[in-house]
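Accompanying notes for the structure given below.
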Amino acid sequence: MELLLLSNSTLPGKAWLEHALPLIAEQLQGRRSAVFIPFAGVTQTCDDYTAKTAAVLAPLGVSVTGIHSVVDPVAAIENAEIVIVGGGNTFQLLKQCRERGLLAPITDVVKRGALYIGWSAGANLACPTIRTTNDMPIVDPQGFDALNLFPLQINPHFTNALPEGHKGETREQRIRELLVVAPELTIIGLPEGNWITVSKGHATLGGPNTTYVFKAGEEAVPLEAGHRF
């Protein structure tokens, strides 16, 4: 399988997806036809989100079709060379994909060789479940099971920082809560600016920041770019 799982879409001082374009170009390998899954973008229309994505990828020669705009979404996915899943609210994303019957077709086409690109919520959707999202559960997705394209859980936008005077939990504390009730999980705290690529059977960490892996009963393990999972 070929996956590009990004923690986030925007970095300080850079345009939207600018940091991801070289990574996307490297993994295209001749693929040019993409379907875009825009449903996580709650505060923007599907048309606007799709147009924004299409404009960014046009210089790479990639044509983007919003899955919401086609007559037969399942057939469009089955024939796609690239599946792109945008960030936003993970619960809304999973709900819409489940209701529209898109989860199995996405899994199947990626396993057959299509490239999967997802940022933030799109990276969460590639995991076994969405239980490591940071998002508010604004809708009920009728279960947390997701695509299971990547075998570990990703927590995108990972940071352990708290504003001065803030008394809420750190991100690690919230991850530790999940590991109490689901000790079988391995959770990757993927900070902004980092990504995971899957190619030729290998998953590789990229990006300038330290990533952390959490397991029940163990100290967090720091990982740097180049680590293979």
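Every residue, even glycine, has its Cβ placed from backbone N, Cα and C.
Pulled from Swiss-Prot:
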| type | residues | note |
| --- | --- | --- |
| ACT_SITE | SER120 | active site, charge relay system |
| ACT_SITE | ASP135 | active site, charge relay system |
| ACT_SITE | HIS157 | active site, charge relay system |
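Overlay of Swiss-Prot annotations on the structure.
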residue : record                           : DSSP (3 states)
SER120  : active site, charge relay system : coil
ASP135  : active site, charge relay system : coil
HIS157  : active site, charge relay system : coil
- Rounded to the nearest Å - Cα separation of SER120 (active site, charge relay system) and ASP135 (active site, charge relay system): 10
- Using a 10 Å cut-off, grab the number of neighbouring Cβ atoms around the Cβ of HIS157 (active site, charge relay system), all chains included. 16
- What residues, ordered by sequence, lie under 8 A Cβ-to-Cβ from ASP135 (active site, charge relay system) and sit at least six positions away in the same chain? ASN89, THR90, PHE91, ALA121
- Message: With every protein chain in view, what's the tally of Cβ atoms within 10 Å of the Cβ of SER120 (active site, charge relay system), excluding that atom itself?
- Response: 29
